[in-house]
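Student: Okay, these came from TrEMBL:
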type	residues	note
DOMAIN	B:134-343	domain 'ABC transmembrane type-1'
TRANSMEM	B:24-42	transmembrane segment
TRANSMEM	B:48-69	transmembrane segment
TRANSMEM	B:81-104	transmembrane segment
TRANSMEM	B:130-160	transmembrane segment
TRANSMEM	B:172-199	transmembrane segment
TRANSMEM	B:205-222	transmembrane segment
TRANSMEM	B:251-272	transmembrane segment
TRANSMEM	B:324-343	transmembrane segment
Amino acid sequence: MAKSIDVSDLNIYYSDFLAVENVNMTIKARSVTALIGPSGCGKSTFLRTLNRMHEVIPGARVEGKVAVDGQSLYDSAVDPVEVRRMVGMVFQRPNPFPTMSIAENVLAGLRLNNKKLTKSEAADVVERSLQGANLWNEVKDRLGKPGMGLSGGQQQRLCIARAIAVEPQVLLMDEPCSALDPISTSAVEDLIHELKEQYTIVIVTHNMQQAARVSEDTAFFNLAGAGKPGRLIEMNPTKKIFSVPDEEATEAYISGRFG
Amino acid sequence: MTAVAPEPSLVVEHPLQRPRLPKLAPLIAAVIAAAAAVLLGLSLGWGVAPIVVTGGLIYLVGLSTWSRLVENARAATDRLVTSLVWTALVIALIPLISLLYTVISKGSSSINAKFLTWSMRNVLDGPGGIYHAIMGTLIITLGAAIISVPIGLLAAVYLVEYGQHSRLASWIRFLVDVMTGIPSIVAGLFAYALFSIIVGPGTQMGFGGSVALSILMIPIVVRSSEEMLKLVPTDLREASYALGVPKWKTILKVVIPTAMAGIITGVTLAIARVIGETAPLLIICGATDSVNLNPFSGQMASLPVFIYSSYQSPGANPEVLRQMAWGAALVLIIIVMALNILARVLGKVLSPKTGH
């Protein structure tokens, strides 16, 4: 059920400012694609266009085409709410809902979308999602406790559980480990490895070792200078990017000789 | 080598220890300042107020000079500013405590079962009760809350979630700020005029009071709810959108619950602000001695109006009615306090849980 994503001639704007220019790429189903590049080059902006979260910001808009398994996301007949049910997202900072318990956080996506669940179904979803996020063993005895009481790494895995509870087909991750310690990072990376059996994953990361560890393909974004739009410089299998990249700029960025 | 060099570890270039005033220094300074001020005041025949002011000045100057001599300039400034802050706190508390003391001491004697359960109907001599005014105040204020909370909260939701920086939103913000400054008597006249047009000239009823009070309440509810909704992190909204939750449901199930404690506090403050309003109720609700529980017909008594009229036109038994006015004032204060406590409890129960 995982789906591939085709992006063609995508321009992303904030009001009149062109933030990302002319992106063309294909993201394979059931694999992990990493987006790397310097700050401000538009990785996160690009990621947010893949589930129409970009337009939540006032004045933000896109031109071009994003298609998930052939269905164009930016067609005028498409409801962004439906898109977001199909394409889940995990954010940079863990953001569990503060008014809800651990179990309610996991069920939030279903409950808020009016899905009627019996008690046993709900318990099933909670256990499956938390197992999926490698968190079950740590929280199974305190599912009724507030989600905010968990540690940062646990909160982030709770957010992943919340995202996979609605069974999306694509999972977007915006620097999911940047606020986590190495142990939690390792837990999340293990999780990514398991999740790619079922989901198409796109991950933005500043950590190149992480990109090398978890991803099959890597896309390198760069920008020519402050105020200039970001561009996709190169997209290739991760092994190739980190050994013999096609572009000089990629080589420079990866080896630390940036600029 | 006869002179033994000091051990290297004992040579301290920047000593951390400095002379300090004793812990009780502020107390000692206060006692001395008080004694000096009293002596000076008595010998010159001053009243209480000049003695207190002089004592305070002696304390401020004395303590900071002492500290400057023994400690250093920074510590002296610290002590001076600390004393000033405490002085401000005490000055702010004096009217509050004095008011509470006056009302409690003058009003508590008149509170008894009859006072709370009787009205003033057919009371010719001797004390009656304020049941009609208590019920009137509760009904009118409840009506005002029922009108203002939905309007205010929805307006705040529009401002934060939909309008944001649009021109319409900034106009609404401006008008709400203007509304905050409307004199309460104008709100009363507005309600009186409104009901004169709708129902008939000279109409007086409890619901009209609710309308007048809600005009005073709405801007407070809008502004406080807006601030509370703004405090909800954007992260939470995005997390909800990313789960495919529609915007209206995100607002209803994520944003408002997260801000609920603050919204309730704001609503309570707004109620406390209007529950003591006299002028508009005097115009639109009138005054009556009987119990009237129907807000849609007839004059309705309320505590502030009862207090006002008991003082203004006490009739044949001025002493009795003055006494009752103090009792009614105490009841009003108790109602406001009870509301505040209720709001705090609700806020505690509903506020986001941290798990600690």
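Just so it is clear, glycine is given a Cβ too, placed from its N, Cα and C backbone atoms.
I'd like these features described in context: how deep, what's nearby, how far apart.
Tutor: Packing against the transmembrane segment (B:24-42) from elsewhere in the chain are residues 50-52, 54-56, 58-59, 62-63, 66-67, 79, 83: each is 6 or more residues past its ends and has a CB under 8 Å from a CB in it.
Sequence-remote contacts of a segment are chain residues at least 6 beyond its ends whose Cβ falls under 8 Å from one of its Cβ atoms, and for the transmembrane segment (B:48-69) they are 21, 25-26, 29-30, 32-34, 36-38, 40-41, 75-80, 83-84, 87.
Same-chain residues lying 6 or more positions outside the transmembrane segment (B:130-160) and placing a CB less than 8 Å from one of its CB atoms are 115-121, 169, 172-173, 176, 206-207, 209-211, 213-214, 217-223, 225-226, 228-230, 251, 256, 263, 267, 270-271, 274-275, 281, 285, 288-293, 295, 300-306, 324, 327-328, 331-332, 335.
With a cut-off of 8 Å between Cβ atoms, the residues of this chain six or more beyond the transmembrane segment (B:172-199) that come close are 155, 158-159, 163, 205, 208-209, 211-213, 215-216, 218-220, 222-223, 277, 279-284.
For the transmembrane segment (B:251-272), same-chain residues at least 6 beyond its ends with a Cβ under 8 Å from one of its own Cβ atoms are 141, 144-145, 148-149, 152-153, 157, 161, 217, 220-221, 223-225, 227-229, 231-232, 236-237, 239-240, 245, 336, 339-340, 342-344, 346-348, 350-352.
Remote same-chain partners of the transmembrane segment (B:324-343), defined as residues 6 or more beyond its termini with a Cβ less than 8 Å from a stretch Cβ, comprise 100, 103-104, 106-111, 115-116, 127-128, 130, 133-134, 137-138, 264-265, 267-268, 271-272, 275-276, 303-304, 306-307, 310-311.
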Student: Can you name the far-off residues of the same chain, 6+ from the ends of the transmembrane segment (B:81-104), with a Cβ under 8 Å from a Cβ of it?
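Tutor: That would be 26, 56, 59-60, 63-64, 326, 329-330, 333.
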Student: With a Cβ cut-off under 8 Å, give me the same-chain residues at least six positions beyond the ends of the transmembrane segment (B:205-222) that come close to it.
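Tutor: Residues 136, 139-149, 151-153, 155-156, 159, 176-177, 179-180, 182, 184, 187-188, 190-192, 194-195, 199, 266-267, 269-271, 273-274, 277, 280-281, 283-285, 292, 294-300, 302 contact the transmembrane segment (B:205-222) from elsewhere in the chain.
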